[in-house]
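Features as listed in TrEMBL:
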- 17-26: domain 'Uroporphyrinogen decarboxylase (URO-D)' (DOMAIN)
- R22, Q23, A24, G25, R26, D71, Y146, S200, H313: substrate binding site (BINDING)
- D71: site 'Transition state stabilizer' (SITE)
Amino acid sequence: MNNFIPALKQEPHDHIPVWFMRQAGRYMDEYKELRKLYNIRQMCMDPEITEKITYAPVKLLGVDAAIIFADIILPLEAMGYKIDFNSSGPDIGNGYRHNKSMEGIHEFNTGDLKYRTYDAIRLFKQNHPETPLIGFSGGIITVMSYIIAGVSDNNLVYTKKVMLNDPSFGIMKKMIKNMILDYVTMQVKAGVDAIQIFDSWLGALSPYTFEKYLKNDIIELVESIKSKVPVIYFSTGSSGMIEQFNDIKPDILSVDWRIKLSHARTILNGSIGMQGNLDPYLVQYSREAALEETGRILGEAGKDDNYIFNLGHGVLPETDPDTLKSITDTVHSYR
């Protein structure tokens with residue numbers, strides 16, 4: 001019996017499910033060998049490579065779910081954005097900062113998507129029907145930060161300037177919201193069992209700014225996706241706006257390590273499931289500290305039927321896979 005789907009639906013299950021954000025990544029030897037041969041684009045264009053790297057951590061770690069291998073900004077190419085990858089991250093040369101007329105930018109069209117995510121999902125479900133598969137997208141403000149600033153804007157410094165002063169913010173917001181919905185709908189049609197929204201930079205907003213400029217759009221987005229599959233919503237640094245998720249109503253809220261899960265659960269009145277929230281730096285630097293913290297987290301949240309163990313952010317590149325395997329085993333043996 002797989003325990004991931006029942007936990008999403010708050011149904012009884014045998015043990016606490018666990019998976020790790022960025023579990024198909026640079027800490028794995030198999031991934032590093034593939035990266036010697038292919039870049040990110042090439043890996044995402046080949047459904048067999050995508051399927052292989054998506055399943056690799058399930059074999060290696062024994063986690064309860066896989067997440068499709070992709071990148072949150074690659075779908076932007078199907079809107080006319082030109083993306084380059086360098087050592088500091090993605091660079092969008094015709095982002096709003098350098099292209100205020102939005103010349104060449106258009107609504108997202110799945111037919112223009114050159115990455116074969118749909119085929120990779122179908123292949124995964126064909127080869128591993130017993131393994132739940134998570135699809136995903138970036139969140140509205142996180143994706144917008146890339147198209148506005150042209151580079152990573154994790155503190156939303158330039159993004160806020162546009163948000164507060166430029167009417168084009170509303171136009172871009174609508175386009176990105178539509179893109180996210182169309183992109184995840186494509187993944188659902190291909191066969192994913194759930195969707196996680198990665199809104200990594202959401203916590204750079206104040207709760208009041210969030211409520212004014214984004215909350216209603218996120219409510220509509222989550223409601224639309226939930227009509228198809230369960231939704232996990234992830235953000236970092238957003239402890240001050242957890243209460244707002246009582247209105248957004250994802251099936252699961254994934255939080256970082258900056259808040260106790262018991263406190264978050266109290267704010268949510270137990271109505272929304274929780275995911276998290278082990279500090280990935282503990283996992284990278286100290287197996288002993290990571291396992292100690294794992295035990296503490298399980299003591300706070302482990303008896304809830306709608307709890308999924310995860311990190312508070314993605315697995316870091318220098319993490320020892322054996323530490324992740326020990327964490328997985330510890331979580332599975334808790335019940």
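Heads up, the Cβ atoms here are built off N, Cα and C, so glycines get one too.
Unlike curated records, TrEMBL annotations are generated automatically.
Keep in mind that this is a model prediction, so the values were computed, not measured.
Annotated features, which come from TrEMBL, shown on the structure.
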| residue | record | contacts (Cβ under 8 Å, 6+ apart) |
| --- | --- | --- |
| R22 | substrate binding site | G314, V315 |
| A24 | substrate binding site | Y31, I53, T54, A56, P57, A66, I67, F69 |
| R26 | substrate binding site | K32, R35, P317 |
| D71 | site 'Transition state stabilizer' | I40, C44 |
| Y146 | substrate binding site | I73, L76, P90, I92, G95, S152, D153 |
| H313 | substrate binding site | M21, S200, T236, D256, P280 |
Tally of DSSP helical, extended and coil residues in the domain 'Uroporphyrinogen decarboxylase (URO-D)' (17-26): 0 helix, 1 strand, 9 coil
Cα-Cα distance maximum in Å, computed over every pair in R22, Q23, A24, G25, R26, D71, Y146, S200, H313 that the record assigns to substrate: 23
